[in-house]
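Presented below is the structure to which this report refers.
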Amino acid sequence: MTGVVYAFPWNAPRSAIASSYLTYDQQHRRDRMFAALLHARKVLFLQPECVRFDVYRTAAVLEQNQGSQRANAFLISFCKKALPRLELVAKKYECSGINSNVSAAVFDGHFDTQLMQYLASRMVNMVARFNRLPDMSRADIDLLAADIANFIRAELADIDDTGFSELKTLYTWYMRAGFISLQFNVTPPKWERVTKKYFCEDEIAPAVMRMFNEVWWRGRLRRIAAAWREHLQIAVGNVSKKRHAYASKNCVTDWREQKRRTREFLKGLDLEDEEGNRISLIEKYDGSVANPAIRRCELMARIRGFENICNELGYVGEFYTLTAPSKYHATTKAGYRNSKWNGASPSDTQSYLTGLWARIRAKLHREEIRIFGIRVAEPHHDGTPHWHMLMFMLPEDVERVRLIIRDYAWEEDHYELRSDKAKKARFHAEAIDPEKGSATGYVAKYISKNIDGYALDGETDDESGELLKETAPAVSAWAARWHIRQFQFIGGAPVTVYRELRRMADPETARALSVEFAAVHDAAHYGRWADYVNAQGGPFVRRDDLQVRTLYEPRTEFNQYGEETVCIKGVYDASIGAGSPILTRLTQWKIVPKRAVDLAVDVKGASAPSRSSVNNCTGSESDPPILDLTKPLSRRERRELTNRLRKKKPTTRRKFIHGTDKQNVAITKTIDEIHSDNRHHNQPGRSPAPDGRW
């Protein structure tokens, strides 16, 4: 069919200039989208800056690459899915208002006087600032800590304790300060003992001093702020296998920076004894269990010793894995948001696992089943902890131990354990097969993975898919942020005595004390953990039945809260008594700043001092080392370059040199006239004359 031919071109029909009208359904859909977008922007504005920054940045990238419609859809979807999760986190940290206990104790339940209104305004101001902790800098947090401490101090000074005994006065002070502390989600020291009326003056007085101490509040608020920020990152999904496994990027950065600052601080300090002899503090630090390599070696030696004891006693090894129910996990195994999450933090999950194990241990004790071993706490990709346990027991107790642990592990939220896969995820047991490897080999990977990634080159993580060598810092940052104890031995002898005996390098003195003491010392001296545990009484020895114990003595000085502190002085044989100890710490050391000469020598790459007493050459501070910018800079070179750029050069002022005595007289006269004019100007009622003079 041919087209219609018109006589003139303008006779042909043309398309409409305006678009067709929207249908009612399209209009309602558009209005709902606008309303949802406005609501999303409104609620997002109320969230902490650490959350808004990432969301706005992602929306800006989407708008630039895919258009504004895609960015708006992202904002609406984010607020719909993530806002309930953020509200769960906020309920755990925010202060919704002034508690009734604080209102009754501080304001007497009324605000009709000017003083009460002033106190209420201060309290409201501090509560509002507390709710902004995730976005506050360290200086702002320290300022809030000082304000809270001063507020509590003023409240305690205002209490009328006339006619009170000393104990009643301390109790009144404690309860008033405790209510204010609870207002800011900080549990007062000794709170459970004091509320149960099971305390003495020596315990309650230091607790009161802590609650009006600025330094104490500073540490509590910093810890809350750090946990709050990390919990928000978990809620929005930034801690997962899709973003950053185990810990957020800022958490790992803060951990690295804290480690660097700690080392820089220790490098400037020395240990000095009574005679003035000095040793480097950083060298002693690196030679202790604070060094990850030494810590890992000690853990491996201890677990190897437990395995030797297991073989001697005819025990068998079992490897268990305990995982919390799904409501404790923020994201799924695939990295998506878990709709069952109840807002639990990693510390909440660790508390659940600790309570679960306490019930299991009590059940085993009631049935007289004895086990010993080690448990390792490590995170899932979303930061939720789970436990790996290597336990040794009698062969006839294996099935009963498995049954007890399984029943307690499956008890909570058992309705979700409908498949074998779900049951295995909650609790998994595996017998140690000597043909496949030793018991130590089962946990060696977990120990190295959670410390420094030693001997794991090329191996990848099962959850995140990243190299284990690269995920080790994230795991350490996770444990430090949530204050989770990664390794704990169950059974055996205390490691403190073991370390003190290794400091003692005199076997003759040990043999002179007793044969039993010498056996314990020799085992510790040569690093034989199995022999040490057996010499102390075996893997199930009670603390009251130890052969060798640690000797503690009180210090001569008290701490800043008036408490008596104790320190380790040595060890003693329990059969002989603490009256005949062996002192392992004879020298009293104190931490002092390094000498200026030592600091100059310790600077790596610094210029050597001149041979003469006068150095006329330009110092290294004016001539910094030239960096080779043709190749990538190392981390240390980048930091030095940044510090050099930030450093301000001191402004040098030229000293005015007066010419002659006549000029000096003129200058002095001018200064006197200026002072005279200022005095006249400051007099009340003075007005300027027509010529401008006062």
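In case you wondered, yes, glycine gets a Cβ from its N, Cα and C as well.
Marked as active site, O-(5'-phospho-DNA)-tyrosine intermediate by Swiss-Prot: TYR442 (among others). The DSSP secondary structure for TYR442 (active site, O-(5'-phospho-DNA)-tyrosine intermediate) is helix. The Cβ of TYR442 (active site, O-(5'-phospho-DNA)-tyrosine intermediate) has GLY317, PHE319, LEU390, ILE432 as same-chain neighbours under 8 Å, each 6 or more residues away in sequence.
What Swiss-Prot lists as active site, O-(5'-phospho-DNA)-tyrosine intermediate is TYR446 (among others). Of all Cβ atoms in the protein chains displayed, 17 besides its own lie within 10 Å of the Cβ of TYR446 (active site, O-(5'-phospho-DNA)-tyrosine intermediate).
Positions annotated as compositional bias 'Polar residues' by Swiss-Prot: 609-621.
Among the features that Swiss-Prot reports, compositional bias 'Basic and acidic residues' is placed at 634-643.
What Swiss-Prot lists as compositional bias 'Basic residues' is 644-657.
For 605-659 (among others), the entry in Swiss-Prot reads region 'Disordered'.
The region 'Disordered' annotation in Swiss-Prot covers 672-694 (among others).
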